Amino acid sequence: MAGLRNESEQEPLLGDTPGSREWDILETEEHYKSRWRSIRILYLTMFLSSVVLNFSWITILKALYLFLQIDPTADTSFLGWVIASYSLGQMVASPIFGLWSNYRPRKEALIVSILISVAANCLYAYLHIPASHNKYYMLVARGLLGIGAGNVAVVRSYTAGATSLQERTSSMANISMCQALGFILGPVFQTCFTFLGEKGVTWDVIKLQINMYTTPVLLSAFLGILNIILILAILREHRVDDSGRQCKSINFEEASTDEAQVPQGNIDQVAVVAINVLFFVALFIFALFETIITPLTMDMYAWTQEQAVLYNGIILAALGVEAVVIFLGVKLLSKKIGERAILLGGLIVVWVGFFILLPWGNQFPKIQWEDLHNNSIPNTTFGEIIIGLWKSPMEDDNERPTGCSIEQAWCLYTPVIHLAQFLTSVVLIGLGYPVCNLMSYTLYSKILGPKPQGVYMGWLTASGSGARILGPMFISQVYAHWGPRWAFSLVCGIIVLTITLLGVVYKRLIALSVRYGRIQE
């Protein structure tokens, strides 16, 4: 058995208080293999979920311009609700799936959530069938995808309960890495279907159109079914305490009388609330950053829509690659300096990134004097921005004026953000965000201890979903009316307050077992 594990995975499995039968239980080789097979299936689940999310997101955006022609009653303002419905669905479903997983086998909640995602993808594939109200079917499909994504809480709670403290950070990093890989590879897979074109072929028997828009979601449905089969065949209920010893759990299909009882102790609710706030801020900041980079670069560098979508798409893909590297590095670094210090460092790096984005100097952006729109945020709804970015670049793109619209008064007195500034900021934010995201829910899982974490993880996921809704709303309003100087100054202020909060609760962000003296930090 020793040959199967590295040193960090072996040490917590040894009893450190001899004489007590309850704490001398060792993990068998069979249990160890089964436990890690189950955890790796959840890695795959997160990867597939990320790929499916990218499929649906990219496909919906690219198809929306055509979809508005399918349903004449749909307008671009309604698109804002379509986009937000995903996060709303996930925000509502996460605590529910978490509660379910606390009292029933986790595979039940996982399978149901994946089935909901499969149904959502199938519904999207048939949006062309109804004679009316197509826009509401799209809203439902997007919302169902969000509900299905609520299984993130189940995956994290299972991983937290099936790993020791020493295994936890590495396992959580692997989950985040699988999500990042799905984010990177999703668009790559998407391009494989462009040869089908917009018309594609029609399977008349079941009235199914197979084209560049429907094929990705159909593949997503197939991957979901494959994922369910793997979960049924491989996933088993496992639970260990913070030292790595087997614990009894209501989720266990078979409970051995030799298994240790779950250690008792009250959860530090102040630390729980603090981590939820930290996680919210981390996702809030990255969501607003994703939202603003396209209109920002169009205003600052006079990029066309085509250029903005292309270049910023490359930037976001590069950030995904950077995140994978960061997750690998954090797995090693956390063993030397601890998660709290890494989280603090991540917040500081993000603050520096946004501080660098503040406009300085005497050079101003090119002004767009024409009474036309370049799809910057002002004078358009959020839906119109997205539609504008995905319209065909051949639609008079070269004839559209570029630069910072005169309708934005701040364009006349706000200095330009130099490209070197922007790229440096992107690298720093791409460095700090993955660290803050990973360390937040890793610390959270340790603070909660070995008790079932489904509901708590559900609330954490819900806070992240709320952040992805509020972040774009916040930045769009501030940027439109006051420009990048005020927008990024306020973001810097938010980060400073968050760092202050972290400093206040720093000593409380420790594992439950460490807090009660069962394990040395």
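For all residues, glycine too, the Cβ spot is worked out from N, Cα and C.
Among the features that TrEMBL reports, domain 'Major facilitator superfamily (MFS) profile' is placed at 38-510. Per TrEMBL, transmembrane segment is recorded for 41-66, 78-97, 109-127, 139-159, 180-197, 217-235, 270-289, 309-330, 342-361, 422-444, 456-480, 486-506.
Each of 270-289, 309-330, 342-361, 456-480, 486-506 was scored by its Cβ pairs under 8 Å to the transmembrane segment (78-97), and the highest score goes to 456-480. Ranked by the number of CB pairs under 8 Å to the transmembrane segment (456-480), the listed stretches 217-235, 270-289, 342-361, 422-444, 486-506 are led by 270-289. Long-range Cβ contacts of the transmembrane segment (342-361) within its own chain (Cβ-Cβ under 8 Å, at least 6 residues beyond either end) map to 278, 282, 285, 330, 333-334, 414-418, 421-422, 424-429, 431-436, 439-440, 443, 483-485, 488-489, 491-492, 495-496, 498-499, 502-503, 506. Non-local neighbours of the transmembrane segment (270-289) in the same chain are 343, 350, 354, 429, 433, 436-437, 440-441, 443-444, 447-448, 456, 459-460, 463-464, 466-468, 470-472, 474-475, 491, 494-495, 498, 501-502, 504-505, 508-509; each lies 6+ residues outside the stretch with a CB under 8 Å from one of its CB atoms.
If you average pLDDT over the domain 'Major facilitator superfamily (MFS) profile' (38-510) in this model, you get 83.
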